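Q: The active site annotation in Swiss-Prot covers Arg20, Asn38 and is backed by sequence analysis. Annotation source Swiss-Prot lists domain 'Acylphosphatase-like' at 5-92.
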Amino acid sequence: MGLKQVQLFVRGRVQGVFFRASTQREAKRLGLTGWVKNRSDGSVEVLAEGEEDELKELIAWANRGPSAARVERVDVRWRGFSGDFFDFRITD
């Protein structure tokens with residue numbers, strides 16, 4: 001399917017529930033690179049790159065999140081692969 005990039009905006013009760021750490025763990029399990037961060041509006045933003053099938057798995061996971069999270073909505077934006085990332089990090 002090819003390499004792609006996806007940007008996610010995850011809304012709901014997603015801060016203070018280990019969402020970023022859980023996202024990092026899931027992304028690494030899937031072999032993805034990129035980052036995850038909290039946003040000032042209470043949402044979490046994810047930018048991930050890798051194979052399209054694995055990115056779709058990450059999107060499905062983000063719609064559930066870790067057990068303490070209550071995901072209300074995930075906005076998805078597909079983008080072109082950049083190759084700018086070498087690991088998956090939690091950032092500011």
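Quick reminder: no glycine exception, Cβ is built from N, Cα and C everywhere.
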Q: Over the span of the domain 'Acylphosphatase-like' (5-92), how high is the average pLDDT in this prediction?
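A: So the average pLDDT across the domain 'Acylphosphatase-like' (5-92) works out to 98.
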Q: Sequence gap of 6 or more, C-beta under 8 Å: which same-chain residues meet both conditions with respect to Asn38 (active site)?
A: Gln15, Arg20, Val44, Glu45
